[in-house]
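*Asks:* I have a structure here, written as structure tokens, and I will follow up with some questions on it.
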Amino acid sequence: MDLELDNYFNDYENLEVHELMLRDRPRQQAYKKAIELNANLFKDKIVLDVGCGTGILSAFCAKAGAKLVYAVEASKLAEIALKVMEDNGLTSAVKVFHSKIEDFCLPTSIAKVDIIISEWMGFYLLHEGMLDSVLFARDNFLKPDGLMFPTECTIYVAPCSVPRRFDDWNNVDGVCLKSFSSQLRKQKSNKPEILEISSEQLLHRGAVVHWMNLMDVSRTDLDEIVFEDVLVAEKTGKHQGFCIWFECRFPSEDYEDAIILSTSPSSPITHWKQCVVVLPENACLQIDNNAPISFKMSMTRRLDDIRKYDLEFELLDPYAIEHPVPCNCYMTKCILLKTHLQNMDTH
């Protein structure tokens, strides 16, 4: 199923949406392992599950030894979450609240919680996500030394080929359908698409667009994210678009052993798949290995809907902007500078 960035995942009372997420094994297993492998962090602690949905994360926390879990869900799905706790004998440990987190109040006997857990991520991490609500919970309910699950998030971008929007239509059972594919691209050109991109279709391993620590990031930090760079193609191929994905890292006593939920094309597919921005046909190029790909990417929060972002790409002239130093591209100035730096290192 290919998705455009509409309100599909915003319909929280559409049980098909939750079925899709519950059947997402990489997502499910990342949270489960992050909780179970850190059971010592949850033992006898008080946990707040923001946007608990069916309550499965709350159940994981309770089974890991949490003293109390406050499961807060704004939609009517809270009724199902309560029944899930009853079915699993967890009502003494998990308390379900039908409420927006912004309207929620902790019991007077509880000052703050030890851990906040939430599956809040949207398309390319932020679009249609609920991070603002999680940050509200952090600022109002988390102890100063508390933990966020997940705790770090990174957005990546890479130039890519998009054969399902181009080359796949050159020969369909012996019939050329390029005219159809051209109109299809025009129809879809006004918004990014959610597609499954393979690692073989990437022309670069991916660059970090944005990294954040959920312990200190602010809402205003996320109003606009701008990234400008020159990426060097790591293979020959057709540059037909840009692929965006994200990773979330969970707390761990050993940072190197932390569980990471990745939506990378190199990782098992998730329901988020990848976000793809397809280039106009006249901007698509066959590029060589070591070719410089210069661009500017911006993610800007919409004023009329703060949970949504406008995503824009601008192709730049690689001859007109500064390259990173050293740069591995095939442009003469970069080859000369790289050689000069290497010679300096040998003397």
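The backbone N, Cα and C atoms fix where each Cβ goes, glycine too.
In case it helps, TrEMBL gives these features for our protein:
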| type | residues | note |
| --- | --- | --- |
| DOMAIN | 47-146 | domain 'Methyltransferase' |
| DOMAIN | 153-314 | domain 'Protein arginine N-methyltransferase' |
*Asks:* Across the domain 'Methyltransferase' (47-146), what is the average pLDDT of the model, as a whole number?
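*Replies:* PLDDT averaged over the stretch: 96.
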*Asks:* Could you give the number of helix, strand and coil residues in the domain 'Methyltransferase' (47-146) as assigned by DSSP?
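*Replies:* For the domain 'Methyltransferase' (47-146), the helix, strand and coil counts are 33 helix, 29 strand, 38 coil.
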